[in-house]
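Going by TrEMBL, these are the annotated features:
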type	residues	note
BINDING	His119, His121, Glu125, His164	Fe(2+) binding site
BINDING	His119, His121, Glu125, His164	Ni(2+) binding site
Amino acid sequence: MLCYTLDLFIVISSDEIEIEALTQTERRSRMALEAWLMDDSNEDQRLPHHPNPKELLPMDYLAELGVLYWKLNPENYENDSELAKIRDERGYDYMDLLDLCPEKVSNYEEKLKNFFTEHIHQDEEIRYCLAGSGYFDVRDKDDRWIRIWMKPGDLIVLPAGIYHRFTLDTSNYIKLMRLFVGEPVWTPYNRPQEDHPVRKEYIKSLTHKFGESIQAH
């Protein structure tokens, strides 16, 4: 009787562990970064602008454009060994925090308009969402807008030379960590920038990936 009871206990415990593991996997998949092709509507930029029908893009699609992504624990960013490893391996030695919301940013609507102007940078743009949410939009190889919805725990790296823009969503709040290699330079180069050396280098990298000429738009 004792052996039977012990065996039964072991079986039940194994099932519980397996169920818990599946639950954690499902939770992690639900927390994955969401990205989609935007519609052509001129409605409020803070709306999702999902296409009809709604369809999320795989992470491989973003990777082909040079966009990198990690899912981290935003509640432990000050002591996160995974974040420290990423910073060390990629040389991100500069860091600051930015709260974006109407209460904390003067001329909020004007700033949001500036963020939403299409531009490139000479260096990577690295952003880690610690709270709130917002959208980074990037152009794909066919010059279509891809909307990336950043939520707590999402860390993305946009490659130098990619056309992009940023806006908050309807929550009107996001807290971001900004990372940089060396002294930060926040200079945006508004489109068109087809003759900019960094833009040319980015287009060249896409040409190698897709094995065909990428037309400048």
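Cβ coordinates come from backbone N, Cα and C, glycine included.
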Count of other CB atoms lying within 10 Å of the CB belonging to His121 (Fe(2+) binding site) | 18
With neighbours defined as other CB atoms within 10 A, the best-packed of the binding-site residues His119, His164 is His164
Here the 10 Å Cβ neighbour count for Glu125 (Fe(2+) binding site) comes out at 21
